[in-house]
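TrEMBL annotations:
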- 20-43: transmembrane segment (TRANSMEM)
- 85-106: transmembrane segment (TRANSMEM)
- 118-136: transmembrane segment (TRANSMEM)
- 165-184: transmembrane segment (TRANSMEM)
- 196-216: transmembrane segment (TRANSMEM)
- 244-271: transmembrane segment (TRANSMEM)
- 283-300: transmembrane segment (TRANSMEM)
- 312-331: transmembrane segment (TRANSMEM)
- 337-360: transmembrane segment (TRANSMEM)
- 413-437: transmembrane segment (TRANSMEM)
Amino acid sequence: MSNVIEDDDSFTKPLGRQSVLYYGVGHMLNDITAACWFTYLLLFLTEIGLSPRDAATVMLSGQIADGFTTIFAGELIDRFGHFNIWHGAGSFLVAISFSSVFGGCIPCKIFATSSSTLRTVGYSVFAAIFNVGWAASQVSHMSMVNCITLSSTGRVVLTSCRNAFTMVANLTLYAIALIVFAVTKAETNADVENQYRWIAYVSIFFGCCFVVIFLLGTKEPRSKVGVQGNSHVRIAWAYWFKRALYYEVALVYVLTRLVTNISQAYLAFYVINDLRMAQSAKALVPAIIYICSFIISMILQEIVWTGQRLKAYYSAGGILWIFCGAAILLLPRSMSAFMYFISIFIGIANALMTVTGVSMQSVLIGENLGGCAFVCGSLSFLDKISCGLALYVLQSLQSSSPELQLTKSAHVYISVTRFGLGLIPPFCALVGVAVTYTMKLHTPFSKPIMEPLLE
């Protein structure tokens, strides 16, 4: 009986710094591969000869596979648990498939042909396999937060630490890419494939090291006992669909992901094709963004969170992104160096929106641990499908409307890339702020962590 009470207390007692750090590194493999996916996949595929629409088809196939897997994995995790097993299995699938996404076309080598259709299908298959593993790892890791602690502040601390290590993963990727691009030359398609294959190999090794640390340091969370000692009961999907807060949180989460993913996907195109910056800028500009995001994420861990603070900080990030979008839309090539300054504020805005937007899921779940994986999975499903479709439409416009890229007005070069980066994220941020303003967030169990993460 005393053991049961001790387990109950573990839900509400303050978190130790070591537990938070072990959890925070668990998504590093997913984060570093996702950074490569969104930053370089479209660029890589178009550089080796695929049309923008075919490149978007490859990404969309992965996003669809990811979306449906999140629903499937979320349902099974809610039924049977075993967060660490799902995380480990998903990470294994990511590790063995990711290099093929950025490698040569394997079906083309098997059938000794390199038609555009076969290349698109070949890359799409491995993109789908990679995203199945990615989704299984993501849902288990995200939903685990709600079973580690019931403290609203503790949940935000875990999410913030995870986001901080997301920034570390992204910075690591850009450091790897900067070195690879600097020491190797890409004169043929084979050279391009070799560059990105090395980036993939090093990224996988780096991420797998942290997966091992996470699995060794994080105990399997228990969701058998509620805060008052009530038995854990799986919650039907219909329960969530009847709550207005579910739709509000889902919309805010999807809009936040659209902001971060679309900006990440088109940043490299923007600095190289629109601003005509040096090749190193496609690694340096994102690096500045993630350094700033990392610093803000660490600072956010020291705040005792309430529903009003979540809304206020999210709104601040959204408003900041609106100003950044206006600057991106109007920035002329002659002032391209100003992009480094804009990157600082993009990094701050991304951290504010991501940490608070994801933390709203935990407020929605509250003590209803029997449905935490479904909530994370269903919201992730909406995120993946919406991002995939948005990127597909933008790439299709690039393919079918080349005249937009040639328009010049008052020394500002207008392109689909500039519109996509300068209008869509700010618009999503504006809608997200409006929805957040109407939300009613209640955050019980707001207790600080046992030790500060910044000393």
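Note: Cβ is positioned from N, Cα and C throughout, glycine not excepted.
With pairs at least 6 apart in sequence, the transmembrane segment (196-216) and the transmembrane segment (283-300) have fewer than 3 Cβ pairs within the 8 Å limit; the two do not touch. Stretch with the most C-beta contacts under 8 angstroms to the transmembrane segment (196-216), considering only 20-43, 165-184, 244-271, 312-331: 20-43.
Of the candidate ranges 85-106, 165-184, 244-271, 312-331, 165-184 has the most C-beta pairs within less than 8 angstroms of the transmembrane segment (20-43).
Sequence-remote contacts of a segment are chain residues at least 6 beyond its ends whose Cβ falls under 8 Å from one of its Cβ atoms, and for the transmembrane segment (337-360) they are 142, 155-156, 159-160, 163, 166-167, 249, 252-253, 256, 259-260, 263, 271, 275, 277, 281, 284-286, 288-294, 296-297, 300, 305, 310-311, 313-314, 316-318, 320-321, 323-324, 327-328, 331, 429, 432, 439, 441. Under 8 Å from some Cβ of the transmembrane segment (118-136) lie the Cβ atoms of residues 30, 33-34, 37, 41, 45, 49-50, 54, 57-59, 61-67, 69-70, 73, 86-87, 89-94, 97-98, 100-101, 105-108, 111, 380, 384, all in the same chain and six or more residues away from its ends. Below 8 angstroms of C-beta separation, residues 26, 29-30, 33, 36-37, 40-41, 44, 62, 73, 76-77, 114, 118-119, 122-123, 126-127, 129-130, 132-141, 144, 190, 193, 196-197, 199-201, 203-204, 207-208, 211, 214-215 of the same chain, each at least six residues beyond the ends of the transmembrane segment (85-106), sit close to that stretch. Residues of the same chain lying 6 or more positions beyond the ends of the transmembrane segment (244-271) and with a Cβ under 8 Å from any Cβ of it are 35, 38-40, 42-43, 277, 281-282, 285-286, 289, 314, 321, 328, 336, 339, 346, 350, 353-354, 357-358, 360-361, 363-364, 375, 378-379, 382-383, 386-387, 390-391, 394, 417-418, 420-421, 424-425, 428-429, 431-432, 435-436, 438-441.
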